[in-house]
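What TrEMBL lists as domain 'Anoctamin dimerisation' is 93-134. Here TrEMBL flags 155-718 as domain 'Anoctamin transmembrane'. According to TrEMBL, the transmembrane segment annotation covers 162-191, 242-260, 306-332, 352-369, 399-418, 523-549, 573-597, 677-706.
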Amino acid sequence: EKWDFVLVSKIHNVGSEKEMKRKKFLDELSKKEFTIKKIEDNELFYGVRAPQHYFHKYQWLLRNRNSRLHTPDIYGDVPATTRAAFNPRFSLLRIRIVNFILNKTVTSDFENLHRLMKKKVFKAAFPLHELEEILKEKRAHWRDLFCQELIEKYRCYFGEKVALYFAWLGWYTYLLGFAAVVGLVVFVAGITVFNTSQVSKEICEATDTIMCPLCDQKCSFWRLSETCTYAKVTHMIDNEGTVLFAMFMAIWATVFLELWKRRRATVVTDWDLYRWDEEEEELALELINNLQHEPSKYQHSYFRTAILLLLVLLMIAVLIGITHALVIFRVIAMALFAQSSFEFLREQADTMAVMAGAVLHYITIVIMTKVNKHVARFLCELEKPRTSSQHENNFTMKMFTFQFFTNFSSLIYIAFFLGRINGHPGNYVRIAGKWRLEECHPSGCITDLFIQMAIIMMLKQTISNFFEYFYPWIRYKFRKICKKQREEEEEEEEDPCKRQWRDNYDLNEVDTSSLFDEFLEIVIQYSFTTIFVAAFPLAPLLAFINNLIEIRLDARKMMQLYRRAVPMKANDIGIWLQVLEAIGILAVIGNGLVMAITSDFIPMQVYKYMYSPCVTENNTDVDCLTGYINYSLSTFRIQDFEPDTEVPKTQLDRNEIKECRYRDYRNADDYSYTVQFWHILVIRLAFLIIFEHVALCVKLIAAWYIPDVPQSVKNKFRSRKHNNVR
């Protein structure tokens, strides 16, 4: 016995308000000729089945207008995907239509199902899982992840929208494998220069170079050679190969999107959905539910749009404020670590502050993701979108914007502001007049960005994914144990429907934004693997490994741990494609800025071709970067320290230190910027402009060279037009 939907309610007292509301709603369904079956257990279960005339009406409304007059066959012009949905094994269309009618049914008190569920009149409403499909999923192998048959199976069970998610994720993961290999090669190439970099050698041999204290109290002078390992790691990441990899990833992002457009066109053409009209579908469902329905008009309020824009900007300001709080935390943590009684913490104060800041940033991301979702939903309610698809698009844009600032504001600070707005010895920029801002390591700031990205990505791909799968798994197992104990107490024969409905009810509830959450997770990951990939070449590899696991776990989660989602029809991934294209442009800008500002690539090239021994002395027997470290450090007279600075006197007396070095390009007399600083600044800006224009031109050429729609798809539609004309 097949049922389209199951409604679940508590057993309310006879004559109570909730009981009366439930009865009114069920009476409305009965007026619409729905078959209703009631089963009483610890809760009340109502099986709902719609009459056939609703589905015949749907077929009639969506057929070609001319064929309605001339074709007696009711299946004549119905798309193949619609006909397949009438298979009793895969009743996608029935579920979709019944879900629409249930949500549009209104009682005499003007209350719909959504409002009744909010008032706890009903506890749940869901379609039923197919047991045979669950058993098939348990027997599926990892080698089937990228095959077309798997996507087809998901389409026939979850609908086209979920199937397109898996098709997109599989295609993204497949092409990500190439980026992962190139990133790994660049990283390994960096390891080969771990001990051979001239800049690292100079830092390791700089035993006589005394650096200025890292904090105001209890921090002594230190030798540059003490950071030898840190310098080697920095130049393992920051090298010429990184520039080429950044350019490669900008091109890869474009090629991926263009190839996905082709892949999507092929897939939806096979499903006969290439020219499917979502608005026409929605209007047909409205007419099925109510023949007197009048379509809602397009409306636009400039006042409401202005208010929404101000609220969005206010939320972005809050997120940037949280980033400022993270900066303050890092500054205070740096000062505390530098003054710690533990020698290891004092020596590694900078690295420990970066790692602590990264962990706190991850915790902030977890918390603010939930806050952002509530705010985005609230703003969408204020906006009052006309259709469900418009609501989804508006919610997607707001949520992604908030998540982008949540995830990347701290990275933007580290990449482009850390060590550049902190002042210099004797005139530091301070927070609340007390704590001075952080400085970059003498070998550059790119390692800080590398550490931050590595920690966040690994935590997101381990802890977050662990809870994403095992939290619903534990809840499901707990309910299963409770159900087993209940079944042991009940020995009488029971209705088979009762067992099936209760088994489905014991699964985790499906949120309406479940698929959105999956998309958002992968799109944020895509941002990490493209925007700042110049600082973290291993990002594509980590994403590739994560996605191999993600595809399998998502399928198991949807099939075995959650109630069946309502199958939705779609012919693309919606507004996510525009989001991905925007990320592709941000990737060009972001990587260009990292190479121009964060990396030491430009200062080293300026020194190599303008100030090195190879140029000034015409000496080709030495490495052209010889002397770069001395060139990149400025001199500070310790007599010019601020009054609050306290350096251990024993250190001063023993070494008779009168000067210390710090990372900057300033004159020793008045601490103004040197000519070299302005030379480097001009070259940085020139490189940024050239890099971005070249990368964007290559992206445009790649987009032009690769057609969005394959010739086979165009030829198929041309043949159809020819046959129609004949």
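Note that Cβ sites are derived from N, Cα and C of the backbone, with glycine treated the same way.
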Confidence summary for the domain 'Anoctamin dimerisation' (93-134), mean pLDDT rounded: 87
The domain 'Anoctamin dimerisation' (93-134), counted residue by residue under DSSP: helix, strand, coil: 22 helix, 3 strand, 17 coil
Contact check, the transmembrane segment (306-332) vs the transmembrane segment (162-191), 3+ Cβ pairs under 8 Å, seq sep 6+: no
Tertiary contacts of the transmembrane segment (352-369), as residues 6+ beyond its ends and Cβ separation under 8 Å: 319, 322, 326, 329-330, 333-334, 337, 345, 402-403, 406-407, 410, 438, 448, 451-452, 455-456, 459-460, 464
